[in-house]
Amino acid sequence: MRCLRFASGLFFGLLAAVSVSQADESSAAQTQVQVEVVEPQDIPILLEYPGRTAGYREVEVRAQVSGILQERTYEEGARVEKGQVMFRIDSRQYQAAVARAKAAVAQEQARLRQTERDVKRVRTLSKKGFASERELDNSISAYEQSKANLQAAEAELQSRQIDLDYTTVRAPISGMTSREARSEGSLVIAGDPQASLLTQLTQLDPIYVNFALPQDSEGARLRKDFASGQLGNVDQSQLSVEVLFDDGTVYPLKGRVDFTDSLVDRGTGSISARVQMPNPQQKMLPGQFVRIRISGLVRRQAISVPERAVAQKASGPYVYVVDAQGVAHQQPVVLGSTTGGRWLIKSGLQAGDRVVIEGGQKLDPDERVQAATVNTLQNKHLIEEVRR
């Protein structure tokens, strides 16, 4: 009996040892991988587009009266202030016209005083029966006619005075001047598209940067994301804009988007937009090609994975996701843009998924794995960049 017990105990001990050995071998055979738990987070978006600068105001300075251009009083290319004298046109004929108009006003004033006295005299005679009603009516009509003639003469004087004032051409805005279009001694002709142009003025502070919003797949995606609420719906005035020059330097001051067209340009298939930038030192000039970087948008609760976690096959990109039983499954995903060494995932993953980020290249579909969780998102500040 004692021998039987000993044999039985030895058998179960050997059986247990074999089971442990098999379990250890099975565990050792499982592929070891590192996984990251999907944690959605808000990610800022940077939009970058090419643009071209333009003056805040670009004004043609034109002659509004005809005559000989006598003098240019500014230095070409220099800054002028609003109201500053820029040109003088021969004013002699306009001075004479003003003098004639003043004389005409004086004549009409004299006639008005005379007709006023006539009305008073005829009215007195009419009350005494020495003047008829017709005579009184005629005197009143003459007075009213003289009054109207005086108003017309005064209006003519005002018009002639305006013409005389126009012989002194002043800057309509403050800004930078361009080259003169007519030299001193030239005949300028008011109303003529060519012969009336004297120069151009450009206001440089602030300055505009014109750019286009492309209506391609990326633009369509952004609009769709706006509509679905995936993008932070900020007001246009809250968007901050930086300007980058050709050499990569960043303009130190920031501007804002102040205009977005409501129509798509049929020729380019894009939407025109505009940025207003402060330019107190005139570091930007009209016609420059620059790049603008718009910030202020946020992609809400975006999902991202390290680039190394994504693999490709004929049907498209995929990642390995480890389920609760420790089995790694291939999960197709739709990729967005990359930022900070990570892919933004448009669809295919959700919060809490355990994505294989190391060791996935050794896996077969539906393979059981040993997963160790790591957090590669810690202290990462991701930014989604959209460039054109």
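Backbone N, Cα and C atoms are what each Cβ position is placed from, and that goes for glycine too.
According to TrEMBL, the feature coiled coil maps to 98-163.
Annotation comment: TrEMBL describes 57-200 as domain 'Multidrug resistance protein MdtA-like barrel-sandwich hybrid'. With DSSP states grouped into helix (H, G, I), strand (E, B) and coil, the domain 'Multidrug resistance protein MdtA-like barrel-sandwich hybrid' (57-200) comes out at 71 helix, 31 strand, 42 coil.
The domain 'Multidrug resistance protein MdtA-like alpha-helical hairpin' annotation in TrEMBL covers 99-167.
Feature annotation from TrEMBL assigns domain 'Multidrug resistance protein MdtA-like beta-barrel' to 206-294.
When pLDDT values are averaged over the domain 'Multidrug resistance protein MdtA-like C-terminal permuted SH3' (301-362), the model yields 93. The feature domain 'Multidrug resistance protein MdtA-like C-terminal permuted SH3' is assigned by TrEMBL to 301-362.
If you look up TrEMBL, you'll see 1-23 marked as signal peptide.
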